[in-house]
Amino acid sequence: MMSQTLTLCCLALVACVYGNTVSTNDTACPTFCPSIYKPVCGTDGQNFKEFASTCNLLSHNCRRERNSVQAYAATDAAWCSSEFVENLHEKLGNFKLEVKECFKPCSMIYQPVCITNGKYRAELANSCLLENFNCALQVSGAQPAELFRLLREEKC
């Protein structure tokens, strides 16, 4: 009698654990995600979307895969949290870019880079200009958290 009760309890536990996921191919698909907000940014190659958690991203992907739509992959959070601006210099208040101590000759080769400071996202013609830009920002009094970093070595 005790072994039957133990077996029944084990089966109930297994059913409870696996009852929250559905499998499509090799991917476990959660049907229930805890209400814990730990945002994750995802991309399907064209669009960026913020999900409440990794679990929500996986669940969303399972529904997309069933419809043969490209799944979202987790990516840098700055893609979802930053505003894309065309003219970064103007957006930041037209600070002085021509600072003697910041001048570093850059090639005229167009190799666009996408940069961000977490708040704004923009494109520069090449990565050398990013160094000059950040130097000029520092001279104008910008805090380290306001400086820009490379998001990817291509257009945004």
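Note that Cβ sites are derived from N, Cα and C of the backbone, with glycine treated the same way.
According to Swiss-Prot, the cysteine that forms a disulfide bond with C114, out of C55, C62, C156, is C156.
Reviewing C9, C10, C55, the cysteine that Swiss-Prot connects to C33 via a disulfide bond turns out to be C55.
The recorded disulfide partner of C106, taken from Swiss-Prot and restricted to C80, C128, is C128. Which of C80, C135 pairs with C102 is settled by Swiss-Prot: its disulfide partner is C135. Secondary structure at C106 (disulfide bond), taken from DSSP and collapsed to helix, strand or coil, is coil. Here the candidates are the disulfide-bonded residues C62, C102, C106, C114, C128. The one whose C-alpha lies nearest to that of C33 (disulfide bond) is C62.
For C106 (disulfide bond), the same-chain residues that are 6 or more apart in sequence and have a Cβ closer than 8 Å to its Cβ are N126, C128, L129, N132.
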